[in-house]
Structure formats: structure tokens, C-alpha cells
């Protein structure tokens, strides 16, 4: 483990979840407003701002009453709809107030960015690098931990880059001492580092499994053990846990990745209980991100998904800047949240095996439509375990 000073080696945008992946070519196409940007998430945003918004629907009964009479079906239905939407809005408001320690009428005080030190793991490229650069331009002190030296340099002196293998506890302990001495105690922790192998279970080596769980799961524990004590002393801070929708629903050729991300969901929930009920520090917020695959990172650059416009409408790919914007907005609001991106990932809440609401045939049908079990076919060795099995069967002499 070595230290790279802020002026000598700092980060700019890359393309992966951690520092050991390369940058894909930049897509220079001019976006087309309809085919590139219009998807179900846009529709949901419009609906949430109109017919699903309490502020909007409260005027519907008044509008219908001005045109009809109090016994008209349109007025009665508008009253029922308004009551339902307002009830859901109040329900969600109570939940938000409870999670974030606000008041009934006022949201929590906005974050004072000039007082924050943000620690980002896997910040050598991709989402981590873009987040670091964006925050640094706001004059926020950003500490980046990356396994390999960043592939780009920046003159922004608000970024402090440390070379550290976050899957190794001793390396994290050592770099934590340097961070505290040279920058200060982080107030925001973004556990973002991660790797993808994309191999069938029988193709995974012992080192593959150790690397996946070391980077995707154990690194979260080591970072928290090193930096959580300072947050507890201040009773203030925010912990961002980057999991994945693949931690909720599985897919072929992703056994190690899905299992490592599923562990983070339990980690986030258990940590929340510890902060609230044992440490008595509710002002330390926790946010769990469950995004789908991110098309602008090289972690999933070879993923193969259906290319139809209908599929892209209902299951649009994510881009790094969308995730970064959501993270910053959430930090700014100081709310503990579970964030699912894009909208279709909410479906995973009911089709996973632990809930068991959706019948198996429907779950498997959705899996086939999404092409999830063949999305990683470009990864792994060739021939892979399936192909080797097929070759073995063909070469086996028939028993007559």
C-alpha cells in the first residue's frame, strides 16, 4: 500500500466500480429525444407530478364540482381518488420523517457541504471517480481509495487519492491512519468498490471467489470498522452502500456477484438497527442503492441484453451521471433511504424467492424476457463449463 498525494495523482471520470478496470470508448452520438431519453421512468416522473401527486389531485374534486353537481359519478370518483392519493402521501411522509429524524412540517436541515469530508472507495474510475470530481468542484474535500493508480490526472486539489486494496483489512487500517492525519475524519462514507467476474460457478477459481467477496462485501466491513467510530463520536454522518438489484434477484453466470451484493442488503439493515438501538445515533444516515446494470461502466461493458425499443422503454440502462445525481441529492437531503434505479427494479421486490409472491412460472417468464440468464455469455473462459460439458457428452461413446 502506498500513498499518492493530491497533486501527484488524483482522479477524473473513469468507467468502472473500482480502479482496476479500463475505460470504454466514449459514445459521441447526439442523443435523440425520443429513442434515447423517452422511457417508462419519464412517464413515472410525469405521473408522480400529476395524478399521483396530492398537491395536484386535491384540485380535481373542485374542478369537477364546478362543472357538475355533488352527486355526479365523476365528482364522487375524484373524491375517492384524492382521498387515496392523500392517504398514500401522508403514509410516505410519516415514513420519511421517521427514517430521517425530521419534523412533521419541516424536512431535515440541508447538508453543509463545506464541513464535509467524503470518503469514496473504488474512486479510480466510473461512478466513484465521477462522484469525486463532481463533489470536488463544489469545494468538498474528497478522499479516494483505489486499488490501482488512477488513469487520469486532475488539478483539483480537493481530491486526495490513496492507493489501497480495500479488501485487505490491514491495508485499510494503515490508510485510515494517514487519512485522519493528512485530511481528517470522513463524515460521509461511500462504499462503492466492486468487481465482476461473469463466470459460471464451475469456472470460478478460488481466487475469483475471494476477490469478489473481498471487494464487494468484506471491503464494506473493513471501511466501516476503520471509519465508523469517528461518525459515532460526532453522532453525525452518512453511509452510502452500493449494492445491486442482482442482490435481490439472481441470474446465471453471476453466482458470486449476486451473493456478494445480497450480503450488503443485510449489512445495511443490521447496521441501521445497531445505529438506532445500540449506539443511539439516529443522526448517522444510511442509504442503500440497488441499481440495475450501468451501461457506462466497463464492469458490464460486455453485457448482452435484448435490443428492442420496447425492452429499452421498460428497462432502460443506467448511466453513471444518473447514479451520481441521486447520491448527491440524497446526501443533500440527509435522508436514510433505499434507492432503486431505474423504476423497473422495483419489480424485484416481489419476484425474488425470499418473498415468494409471484409464481415460479411467471418469475421464469420474466427472466427469459429480460435475457438475464444469457446476459453474461461474453464473459468467462471459452469454452466455459457448459460448452465443455456438451463436448464431453458428444465425445462419450454411446452405450449399446
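Glycine too: its Cβ is placed from the backbone N, Cα and C atoms.
As the structure is a computational prediction, the values presented were derived from the model and not from experiment.
Looking at 42-62, 105-125, the range annotated in TrEMBL as transmembrane segment turns out to be 42-62. Sequence-distant neighbours of the transmembrane segment (42-62) (same chain, 6+ residues past either end, Cβ-Cβ under 8 Å): 75, 78-79, 81-82, 85-86, 89-90, 343. The domain 'Ketoreductase' (116-297) scores a mean pLDDT of 94 in the predicted structure.
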